[in-house]
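According to TrEMBL, the protein has these features:
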{"type": "DOMAIN", "residues": "43-294", "note": "domain 'G-protein coupled receptors family 1 profile'"}
{"type": "TRANSMEM", "residues": "28-51", "note": "transmembrane segment"}
{"type": "TRANSMEM", "residues": "63-92", "note": "transmembrane segment"}
{"type": "TRANSMEM", "residues": "104-122", "note": "transmembrane segment"}
{"type": "TRANSMEM", "residues": "143-165", "note": "transmembrane segment"}
{"type": "TRANSMEM", "residues": "199-223", "note": "transmembrane segment"}
{"type": "TRANSMEM", "residues": "244-267", "note": "transmembrane segment"}
{"type": "TRANSMEM", "residues": "273-294", "note": "transmembrane segment"}
Amino acid sequence: MGGEAQNSSRFPPFILAGLPGLETSQHWLFLLLGVLYTISIAGNALILFIIKEEQSLHQPMYYFLSLLSGNDLGVSFSTLPTVLAVFCFQLREISFNSCMSQMFFIHLFSFMESGILLAMSFDRYVAICNPLRYSTVLTDARVVWMGVCVFLRSFCMVFPLPFLLKRLPFCKANVLSHAYCLHPDLIRLPCGDITINNIFGLFIVISTFGFDSALILLSYVLILRSVLAIASLEERFKTLNTCVSHLCAVLIFYVPMVGVSMAARYGRHAPSYVHTLLSLVYLFVPPMLNPVIYSIKTKEIRRRLCKILLETKF
């Protein structure tokens, strides 16, 4: 009993936050977030179903898309329990271990999304710059291997974070800035020396987001160089059109992430709701828009989706 009391005092629960200044409108806000969750979960589940059922989509580009949709489902389900508790039931308290678990999964899926987008950029590079070798370079086994590597890298990067936080004493008011647990938010709360945590956090950000974004940029520089070598203007646009969906996915993932990072570092005097809104955009917009973008831009997915909707209607 004494050990349990000591452990609970060392790791007290955290208090989650909604949107500051909108406490009286939390139920309306949950309706909005509920719509976003519904679009995200239903859209990504449909993408997975369509890719599974449509034989013409059994190729590397759509295998990577299915990984992206599965990952986006993971992002949505990682934040759903606490967002539901805060905005619908006004339950703001979360235990230390539950908070660590949620933080682990949110960041795991974020790092995985970056890796999947990098793999998709490699797919576009091979398809455009080396089309004759596409089927031999991106075999089914190699796609699986790339997916496993993305998962293992992300897992190894995120796994130490909860343990690095657990070694620190928490003696401040454990009030978080969001309705879910994020490492940049948690790292502000311990009283001890957080130098190791900051160094490791910077290392994993550079070695994942920094490394991936640099390689994605390089792949598109090479793709653009290859496209400009095509004589026909019509063929150039046709070739570049195959990259539009992926480019949109990259932008809607990295732009909000950069916004959150810049606000955390340089916007400390900004109103607290700015940080909360940016984090909501970062975690809610990519899972919601990715299936919409690919449904609009991919003819096979659009056709199968229309067929499903017609069958449902009649």
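In case you wondered, yes, glycine gets a Cβ from its N, Cα and C as well.
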Winner by Cβ pairs under 8 Å against the transmembrane segment (104-122), considering only 63-92, 199-223, 273-294: 63-92
The transmembrane segment (28-51) vs the transmembrane segment (199-223): 3 or more CB pairs under 8 Å: no
Contact ranking winner - 63-92, 199-223, 273-294 against the transmembrane segment (143-165), Cβ under 8 Å: 199-223
Distal contacts, the transmembrane segment (63-92) - CB-CB under 8 A, six or more residues away: 15-18, 26-27, 29-30, 33, 37, 40-41, 44-45, 47-48, 51-52, 102, 105-106, 108-110, 112-113, 116-117, 119-120, 123, 140, 143, 147, 150, 179-181, 249, 283, 286-287, 290-291, 294
Same-chain residue ranges lying at least 6 outside the transmembrane segment (273-294) that approach it to Cβ under 8 Å: 17-22, 33, 36, 39-40, 43-44, 46-47, 65, 68-69, 72-73, 75-76, 79, 106, 113, 177-178, 180, 182, 245, 248-249, 252-253, 256-257, 259-260, 263-264, 267, 301
Taken over the domain 'G-protein coupled receptors family 1 profile' (43-294), the model's mean pLDDT: 89
